[in-house]
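Database features (Swiss-Prot):
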{"type": "ZN_FING", "residues": "41-65", "note": "zinc finger"}
{"type": "DOMAIN", "residues": "262-348", "note": "domain 'Toprim'"}
{"type": "BINDING", "residues": "E268, D319", "note": "Mg(2+) 1 binding site"}
{"type": "BINDING", "residues": "D319, D321", "note": "Mg(2+) 2 binding site"}
{"type": "REGION", "residues": "460-479", "note": "region 'Disordered'"}
Amino acid sequence: MSGRISDRDIAAIREGARIEDVVGDYVQLRRAGADSLKGLCPFHNEKSPSFHVRPNHGHFHCFGCGEGGDVYAFIQKIEHVSFVEAVELLADRIGHTISYTGAATSVQRDRGSRSRLLAANAAAAAFYAQALQSDEAAPARQYLTERSFDAAAARKFGCGFAPSGWDSLTKHLQRKGFEFEELEAAGLSRQGRHGPMDRFHRRLLWPIRTSAGEVVGFGARRLFDDDAMEAKYVNTPETLLYKKSSVMFGIDLAKRDIAKGHQAVVVEGYTDVMAMHLAGVTTAVASCGTAFGGEHLAMLRRLMMDDSFFRGELIYVFDGDEAGRAAALKAFDGEQKLAGQSFVAVAPDGMDPCDLRLKCGDAALRDLVARRTPLFEFAIRAAIAEMDLDSAEGRVAALRRCVPMVGQIKDPTLRDEYARQLAGWVGWADVAQVIGRVRGEAKRTKHPRLGRLGSTTIARAAQRPTAGPPTELAVRPDPRDPTLWPQREALKSALQYPALAGPVFDALTVEGFTHPEYAAVRAAIDTAGGTSAGLSGAQWLDMVRQQTTSTVTSALISELGVEAIQVDDDKLPRYIAGVLARLQEVWLGRQIAEVKSKLQRMSPIEQGDEYHALFGDLVAMEAYRRSLLEQASGDDLTA
């Protein structure tokens, strides 16, 4: 009969395992007020954080999917374990010894459980690490030495060696109290024709750990030509602990720097991870025995606190060969599923990061990451490179190939920018034609969705005739232009309802009005004393008109002063507040784009202090932008 864990132990472990620390191993949390932390929910996909942790209460709750509970409930859900196993896992974490009642032995009670499998893997890792010092392991040590990995590096990454004996590990662990069924369940042993045998033999091994540092499996490299298993690399099979689609080598070492720097570097192999970390790129990770996929992305997004308002950097580092280029193009297909900014860094001359470090030193790896190329640009240029641009037919073929790629880009501003660049890369003189084709492709795939604020008003504005004499159409803004709609509505609000527009409008800079005539109207309002001048109606309009000598600007002031705001009177205050918030958000978005552009041109390693200071500014700007977006998207704001 299974032993029972005392209520006293359960309470003590719950108290000792602080929920914010436990959750923090899986989710990047940010302060969200008194006794409140928030992050992206690990239990469902979301773009805006709705997962909250209350440290003083010891509970978590997601307002998106409804999951919630104490620290035990969190571990049960995220690790797919029973309550007892969650208690044991947290006990191991804090070093608490559990007293079982009514149990024969801990081995009998724990047989086959997650905690036993973890213990078996930990013991195996220690066994393999010790075996690396044996005479038999000389080729494994030589392999590491030839790649400039010393004994300290081997210890840091837990490198080990699987001896040649068919059951060396199995017998060692059985002497420690583990049974064959447990070792088989952990993927360490298997049943051979003549009895139990080890899974790995005569190979260099790396332990694969969770973000919490638990060993869940191993990766093994072939060293000897007479190895019966021809595959260069083999991994632990799928087990209760080891799921190749959701484990990453190096995540335990990289997670804190990924969370701190909001940047993850994805490489292709174990030695590449080692090389990157030893060179100072401590955010490097690699998938294990499978392609980098959706679950890996989700894990990194949570660590980077990546959402639709702040976007972390995901940098793919590939070998400089055709396989690496193909991998980069494959990554392009998944980029749109990720809110984070994706980049590509390709090592020169077909070298992987390990080879590059060996030949050119640590600085070469840091420079490789610093010179990253946006994934969009890399994918488009790679496609163009396959075409003969010296012929008209080749240029047409390049456009046909690349226009759909650019059309996938969701951000319309970024999409237009890449359309312009595409024209230049291909050598197409008519830039407007390329932009038009890309926009058409984007509409065919998925029409960009307008925000709730303004969609109805824009449709109505499109039905209104343009006022004013024909001679002024060349300089006056088009009232049907949706990109200028927030500017127009903000000016109408300030001219017709100055008291409602108030200080928020007065705080808007002239630079926020991108059309010259709208900027001129904004300047005239400011010169007239702003909305706080205490005037309204015709008197206020006359005062504003007196501040300009331009007949075009004066006529536009009159037009904006009488053009109807398509909203009910009782909704005017919220509507105007939303319009002003939208305009602020658009202006702030441009400032954020400039900061991001500067960050992309900087190296977080070589320019650490300046990079992180600017990064802090970006986070603050994104937070303010988010509050503006929330204010501008209320249901009551649409006309």
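Note that Cβ sites are derived from N, Cα and C of the backbone, with glycine treated the same way.
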- request: On the DSSP side of things, how many residues of the zinc finger (41-65) fall into helix, strand and coil, could you say?
  value: 0 helix, 8 strand, 17 coil
- request: Measuring CB to CB from D319 (Mg(2+) 1 binding site), give everything in the same chain under 8 Å that is also at least six residues away in sequence.
  value: E268, V346, A347, G350, M351, D352
Query: Including all protein chains displayed, how many Cβ atoms other than that of E268 (Mg(2+) 1 binding site) lie within 10 Å of its Cβ?
result: 21
- prompt: Averaged over the whole of the zinc finger (41-65), what is the pLDDT?
  reply: 84
